[in-house]
Amino acid sequence: MMMIRKSISRTMTCLFLTQPLPLALSHCNHSFSIYKSCRSLSRTQSDFLGSIWSPTVCSSPTIRSFSSKLSESITTARMQNPESISHLTQREAAEVDEILMGPLGFSVDQLMELAGLSVASSIAEVYKPGEYSRALVICGPGNNGGDGLVAARHLHHFGYKPFVCYPKRTQKPLYNGLVTQLESLSVPFLSVEDLHVDLSGDFDILVDAMFGFSFHGSPRPPFDDLIQKLVQLRNYAQNRQKYPVIVSVDIPSGWHVEEGDVSGEGVKPDMLVSLTAPKLCAKKFTGPHHFLGGRFVPPSIVDKFKLHLPPYPGTSMCVRIGKPPQIDISALRQNYISPELLEEQVAADPIDQFRKWFDDALAAGLREPNAMALSTVGKDGKPYRELMDPQGYLSTLILYGNFEACATFLMGVLSGLQAIERHKIMWSELAPLEFVKRTCELELDKEIQFSGLVQVSSSRIVLLKGVDKDGFVWYTNYESQKSRELSENPQASLLFYWDGLNRQVRVEGPVQKVPEEESEQYFHSRPQGSQIGAIASKQSTIIPGRHILHQTYKELEEKYSDGSLIPKPKHWGGYRLKPKLFEFWQGQQSRLHDRLQYIPQEIDRKLVWKIVRLAP
């Protein structure tokens, strides 16, 4: 069964991805033959698959629009491929700078500021200040050195402890100003003589900002010696568990701008931060981290040089080029350092202790400290998801390009039909949606589960909107999956995780709806957009695309554009979890974490909380 499923998944994926898109979609009606070739089907099976894989699945407008969406996603994927990204020659890089600082009106200090910020942002993406705090920035006399000076300033503000080695200072107002800015932050300037031969014991990050793309010839003193220190770093660091990482700005020092490390004596950085666009030598870079910075390239330059550059995520000043390095997940770990959590120091009431920790999370500036994982289960702990008809489900999978899920679903259907025959259940006796449920019930003992149809429990992140002696409150759609499960089994658990403080809080207890007037009051305290969104979204139901949400939202926005009161939907409101158990977790070194659990007890007809310590 498993081998057949994998084979069919590959077949369907190849069918859609290796052929021209219109041709691939034309095969939709004939893809059923793929399954026939893998196993013989009974008439019942053939009729059923033929009914769910009808021509309407492939001829609908949503499938036609899927063609352009898939093309866009393929284009985006290609843009992230380093082979498809444009690389500039030395002459082109110089011409781009001339245009930027000429007709396009950029000044040198503007470009330098953006470049330095990009370098610091790239470093912060990979090397966190908690682990890599001491950064030595080695600056050359030109613009590349200026980028390094700006990066040092930003690294200081990002929480690093930067040092600067700037042996050949450029006596121009721009560079003098950058030096003054660093001195005002008490950033130490080190001479070449101050640096040890072995840099591995003094610094965590070494920023190579010595030479840019305009450099010609061989490095002269003292930069030849500095390059040698960086090259020899690996030899000195062989006996160390951790050695400094090298970050090169735009061009690794000692490299030819177009041909790379021709002599083999250039710097071999762990990270390369290309600016504006990668230079040709970047194709020879083999380190684990390649970033592009300098989010300032206007369309006119993109068109003139026919540049293909990756999109920058969100508001970031840098973007990773290519895939991140392969990491052994089993080796990922943090050795937490926290104050001890002792029984005699915590509050007697767990609500008071929660509020104290919540206030700490607020004071620490953590993002959304009220985010909590809500876990629910349905009747008997094994809820069934509400299903669309199989044809609609397959249409949705195709719309999102999830062909492997299509194959998995259809193989599940085949297995289910066989189960029906084995158990002598007549197809005519089963309603279309009941067939899947009955089949699952018959086959659970064989661990045959349909993709997306059965689950043991479900979890999601929701936002806490109130906490008091009566419990924890959140709001949602009463017709959502979590609400259906709570109606069957009104018990839930909450989990808060505050990464910056190495803390978790787990809460368990029964759940009930909050009074209608309380839900009404909170609903009208929300922004108008959130109120409309609550009406527009039929939560947890399958929809053909995001455009449906936008269309419904726009219609409702126009309906209430006169400022009239938006009525709270009857299917929307709050829940309150009444705690019956608390656990406060604080991370400690060597996995000897603190876990204090509060358990309710009744003493003299009064509720008191007993505090016990659990082994980590």
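Every residue gets a Cβ built from N, Cα and C, even glycine.
Not measured: the values here are computed from a predicted model.
Annotated in TrEMBL:
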type: SIGNAL; residues: 1-26; note: signal peptide
type: DOMAIN; residues: 93-309; note: domain 'YjeF N-terminal'
type: BINDING; residues: Asn143, Asn144, Gly145, Gly146, Asp147, Gly212, Phe213, Ser214, Phe215, His216, Gly217, Ser218, Asp250; note: (6S)-NADPHX binding site
type: BINDING; residues: Asn144, Asp208, Ser253; note: K(+) binding site
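Most Cβ neighbours within 10 Å, among the binding-site residues Gly145, Gly217: Gly145 holds that distinction in the structure as shown. Cβ neighbours of Asp208 (K(+) binding site) (same chain, under 8 Å, six or more residues apart in sequence): Ile138, Leu230, Ile246, Val247, Ser248, Val249, Pro252, Ser253, Val267, Pro269. In sequence order, Ile138, Gly140, Gly148, Ala209, Met210, Phe211, Gly212, Ser248, Val249, Asp250, Ile251, Pro252, Val267 are the residues of the same chain, not among Asn144, Asp208, Ser253, whose CB sits within 8 A of the CB centroid for the K(+) site. Least crowded of the binding-site residues (Phe213, Phe215), judged by neighbouring Cβ atoms within 10 Å of its own Cβ: Phe215. Note on Ser253 (K(+) binding site): other Cβ atoms within 10 Å of its Cβ, all shown chains, come to 26. Between Phe215 ((6S)-NADPHX binding site) and Asn144 (K(+) binding site), the C-alpha separation comes to 10 Å. Cα separation, Gly217 ((6S)-NADPHX binding site) to Asn144 (K(+) binding site), rounded: 16 Å. Working note on the binding-site residues Asp147, Asp250: by count of other C-beta atoms within 10 Å of each C-beta, Asp147 ranks first. Whole-number maximum of the Cα to Cα distances across the (6S)-NADPHX-binding residues Asn143, Asn144, Gly145, Gly146, Asp147, Gly212, Phe213, Ser214, Phe215, His216, Gly217, Ser218, Asp250: 21 angstrom. On the 0 to 100 pLDDT scale, the model's mean across the domain 'YjeF N-terminal' (93-309) is 92.
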